[in-house]
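Q: Structure incoming, see below.
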């Protein structure tokens with residue numbers, strides 16, 4: 001067993017942290033925001049920082065020997081190292097641009113890796129009060145009720161989600177729009193909702209059939225959602241079709257029926 005408790009205890013403490021951080025997000029959602037730029041279109045607010053500080057303090061009090069990786073602390077120091085030690089990977093506010101604009105697709109994402117494997121996942125949208133949870137080998141849940149990926153088996157009837165990203169280099173944008181243009185002829189429709197973690201949870205609960213994203217911020221965007229998708233019966237993998245790498249900033253997710261066709265479509 002991992003240090004300082006069982007996986008169920010880890011989940012309980014992560015849920016506590018996510019819900020309390022959610023209160024901070026909910027309070028800030030309806031107020032004037034003080035926004036900083038991390039890049040041309042990549043934003044950060046005082047709420048991001050306050051939530052990360054709270055979550056890390058909450059987790060460190062309970063699990064002082066564990067390791068911690070967070071979006072805002074990594075942005076400040078510029079690097080991170082994922083080891084075999086139990087490691088909490090946190091995005092305190094996934095969907096910051098949505099938060100700034102008052103678009104209610106925002107969440108806290110908390111993932112725990114043990115021996116580099118995503119093991120516990122918590123994704124909480126405090127604006128609409130949806131809590132997604134998962135433990136490796138023990139199922140996935142939305143507000144305590146079991147969830148499963150969709151049973152859709154036809155790509156042409158599938159709902160796809162992706163994101164445009166924050167890189168505005170012309171070659172990158174052209175590649176992004178070219179890929180989207182190709183996929184639009186193969187699926188029913190496309191959504192860009194602005195949160196990698198919630199897109200993964202959308203696949204997990206069957207609202208979305210397909211999701212992929214390239215060059216997102218880091219492992220904090222996917223560490224929680226990846227567990228939840230897998231425990232809902234889905235597959236998480238690299239868009240090339242190779243094995244998912246938590247640190248590679250590339251992800252795709254779908255159900256068993258669509259996986260092969262989705263990989264083919266992504267690489268045509």
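Cβ coordinates are placed from backbone N, Cα and C, and glycine is handled just like the others.
I grabbed these lines from Swiss-Prot:
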| type | residues | note |
| --- | --- | --- |
| BINDING | 71, 91, 93 | Mg(2+) 1 binding site |
| BINDING | 71, 93, 94, 95, 96, 194, 195, 196, 213, 221 | substrate binding site |
| BINDING | 91, 94, 221 | Mg(2+) 2 binding site |
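Could you place these features in context, so I can see how deep they sit and what lies close by?
A: Taking the Cβ of residue 91 (Mg(2+) 1 binding site) as reference, residues of its chain lying under 8 Å away and at least six apart in sequence are, in sequence order, 70, 71, 107, 108, 109, 197, 217, 220, 221, 224.
Using a 10 Å radius centred on the Cβ of residue 96 (substrate binding site) and all shown protein chains, the other Cβ atoms total 24.
Mapped onto three states, the DSSP output places residue 221 (Mg(2+) 2 binding site) in helix.
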Q: In angstrom units, rounded to an integer, how far apart are the Cα atoms of residue 195 (substrate binding site) and residue 93 (Mg(2+) 1 binding site)?
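A: Rounded to a whole number, the Cα-Cα distance is 9 Å.
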Q: Tell me, by DSSP, whether residue 71 (Mg(2+) 1 binding site) is helix, strand or coil?
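A: Note: residue 71 (Mg(2+) 1 binding site) is helical by DSSP.
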Q: For the Mg(2+) 1 site given as 71, 91, 93, which other residues of the same chain have their Cβ within 8 Å of the site's Cβ centre?
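A: Other same-chain residues with Cβ inside the cutoff are 48, 51, 52, 70, 72, 90, 92, 94, 96, 108, 109, 217, 220, 221.
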Q: Near the Cβ of residue 71 (Mg(2+) 1 binding site), how many other Cβ atoms are there if near means within 10 Å?
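A: The answer is 26 other Cβ atoms.
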Q: What residues, ordered by sequence, lie under 8 A Cβ-to-Cβ from residue 213 (substrate binding site) and sit at least six positions away in the same chain?
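A: The answer is 162, 163, 165, 196, 199, 221, 250, 251.
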